[in-house]
């Protein structure tokens, strides 16, 4: 009996203060790859204030909302759809807790422990559930369909039929030479 590996998708944002600093960006990208993630979709984009407001709408009534949406629209971000087994929880563990001033002591080797500057400038964002992944990814990758990816591409990733394009930071499915 052969057990099939099931990949899970998650959504990741590398925030403006790390996207703007090449050594920070490279370190985070290296950690993503070293931890067995596939990069399924990727883009670098400066988001508008309206996009930031839409994305963080659940925080609209919180005291930090204006600071957060202003910061997120202050410069380019990197947006990634990542895949691996248990991707959502694994990415959240790799990021570390949200509260940076505590994280630098309790989880110093996480992405936020190393690259976070404050609770707003905490380096990364990651989906906390499959439902939030679908909602969040749709904002920045409106043409991406998770169900279509699972039916048409997942098996190719599981079977190792991909190669990493380091110039564009994405895994691509290898073409058959037939």
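Cβ coordinates come from backbone N, Cα and C, glycine included.
TrEMBL lists 125 with the feature active site, pros-phosphohistidine intermediate. Secondary structure at residue 125 (active site, pros-phosphohistidine intermediate), as computed by DSSP, is strand. The Cβ neighbour count for residue 125 (active site, pros-phosphohistidine intermediate), using a 10 Å radius and every protein chain shown, is 20.
All protein chains considered, the CB of residue 92 (ATP binding site) has 17 other CB atoms within 10 Å. Marked as ATP binding site by TrEMBL: 15, 64, 92, 98, 112, 122.
The annotation domain 'Nucleoside diphosphate kinase-like' is assigned in TrEMBL to 7-148. The average pLDDT for the domain 'Nucleoside diphosphate kinase-like' (7-148) in the predicted structure is 97.
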Summed over the domain 'Nucleoside diphosphate kinase-like' (7-148), the DSSP helix, strand and coil counts are 70 helix, 26 strand, 46 coil
Among all protein chains shown, how many Cβ atoms are found within 10 Å of the Cβ of residue 64 (ATP binding site), not counting that one? 13
Residue 125 (active site, pros-phosphohistidine intermediate) and residue 98 (ATP binding site), Cα-Cα, nearest whole angstrom: 9
CA pair residue 125 (active site, pros-phosphohistidine intermediate) / residue 112 (ATP binding site), Å rounded to integer, equals 10
